[in-house]
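Heads up, the thing below is written out as structure tokens.
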């Protein structure tokens, strides 16, 4: 790097004696630049690094471990791990069976599908998934979405077979979509569902799901298909004459039992299994109560017969013809992305607790494959639900074998125990769903968003209100739209600020953040906190001119030295496009007309490369670019003290003449 000596006149402070020249990065071919951009976009974790300089046999082994994570931990598996996984698997199976039946009813599907979906998908995930703690199964929000979207096109009661086939087809499309995101490494699309969006959406969906369970609590036979709170409450209170007190008492009793056990387990974490066993206990007690009291004759609705046997094949049931294919595709895409976001978020949360990493793209492929396989084996959409995964984690699971144990337990239930669920009251399933949903209304997270970021709180509440008063789709679209609007707002209206010197240092910081900092007489230092693109170029031009006008007015009123230099701190400008370059050229012309001088500090490599190619640097002068704001201020201060009588725009660099 070239350096040039320059001296300061007597009386001028001389913190540094060398001016470091800003250099442009070495030129690269277009193909090489494109290759680098694609690699950084799609392969930020560089998954091929481990294959470098390895023999063919080793590459095959590494490939198997990469695509089938079970090959990585299986050789190290031991009896101690199995004991932990066995306990965890049996525990989550006790939760999966009643939840599976409940959520299938929520999706307007036969209850047996909830058990089918807790058998095959966990086995697929055990082979392909990278999380040790995720417990696979159906979830309430995806079930609600499936039921709400498919019911708009097909009546589940009038056309049960068509509705069932559409559910399988939607699951297939969801799996293809999820797997494609993982294979093509497009997982960043899921990032558009921000944390605030998910908190509001989940809370709204939980509220809607809970209110819909009033149908089961009050024993109503006819209920609205709408999901908004007004329609649901109107449906509930317009049928008060059909409320069944027997069902209401039973439902409230079991709901109190479930909430009590959950509260107890929260207060006493060692007794986590109490809350985990509560749903199955409720099913058993409710079934016994109905059986011995014949409550089904007094308005208490029961599940009825459940088909015994393992999952029948359903590949031939998929629908790829009009007019229903579009409905299945839309349902699959929306439910798939919601299930994917929830599953990956849950997996990462528990991985953080145990200090290991999960590969998001592998998880997408695993979720996609288990839903594709599930659609061929009479399953509907599955992911990694938080409640089941939390129980799995608390039960001490060590590997994905806990999912295999759960699947075996469900298989045993399908083969031998399904007749025992004949007398299970639907009101118990409603109580189980309400209990699970209350845990998804994370009001503490909403309060945290309000304290930290009001805009995120707005996004959260928009999603919540949209779901509760509109529909699940409306809430999701509104929240994503606001999130994207915020992103565009950040890009089109980046932060700009005046920087000042921290006393007794060479550090320059935002004067609003650091009130003790002092501006340098005759020099205006501005920082821009974003890349310069077509979307913000016009705004930045107007904002920079306004900063200059305000500084000139302040200097005129205070009687300080007139403004001579405008230093742009480009530390945060990672890139610039042609619109941004045109803006910089306009700014320079405006500054030149005012007999001021534009100075650039710490421009990044990509910015320097583009400004050089556009001839902007030649027009500005390489000597007016500096590595740091400190060096730029030193040079400008030297000029101010050396040439007090000349306009800044007419001054030449002093270091070439010293």
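A Cβ is built for glycine as well, from the same backbone N, Cα and C atoms used for every other residue.
TrEMBL labels come from automatic prediction, so no person has curated them.
What TrEMBL says about this one:
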type	residues	note
TRANSMEM	86-104	transmembrane segment
TRANSMEM	124-150	transmembrane segment
TRANSMEM	162-186	transmembrane segment
TRANSMEM	192-211	transmembrane segment
TRANSMEM	243-265	transmembrane segment
TRANSMEM	271-292	transmembrane segment
TRANSMEM	364-383	transmembrane segment
TRANSMEM	403-421	transmembrane segment
TRANSMEM	428-450	transmembrane segment
TRANSMEM	462-489	transmembrane segment
DOMAIN	513-636	domain 'STAS'
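Pairs of Cβ atoms less than 8 Å apart link the transmembrane segment (364-383) most often to 124-150, out of 86-104, 124-150, 243-265, 403-421, 462-489.
Here the transmembrane segment (243-265) has Cβ contacts under 8 Å with residues 216-220, 271-276, 278-279, 282, 285-286, 289, 295, 298-301, 425, 427-428, 430-432, 434-435, 438-439 of the same chain, all six or more residues outside its ends. Here the transmembrane segment (162-186) does not touch the transmembrane segment (192-211). Their Cβ atoms form fewer than 3 pairs under 8 Å, with each pair 6 or more residues apart. Looking just at the domain 'STAS' (513-636), the mean pLDDT is 92.
Of the ranges 86-104, 124-150, 192-211, 271-292, 462-489, the one with the most Cβ pairs under 8 Å to the transmembrane segment (428-450) is 192-211. For the transmembrane segment (192-211), same-chain residues at least 6 beyond its ends with a Cβ under 8 Å from one of its own Cβ atoms are 106, 140-141, 144-145, 227-229, 232-233, 236, 337-338, 341-342, 345, 433-434, 437-438, 440-443, 445-446, 449, 453, 456-457, 459-468, 472, 475-476, 479-480, 483-484.
Across the domain 'STAS' (513-636), DSSP assigns 63 helix, 21 strand, 40 coil.
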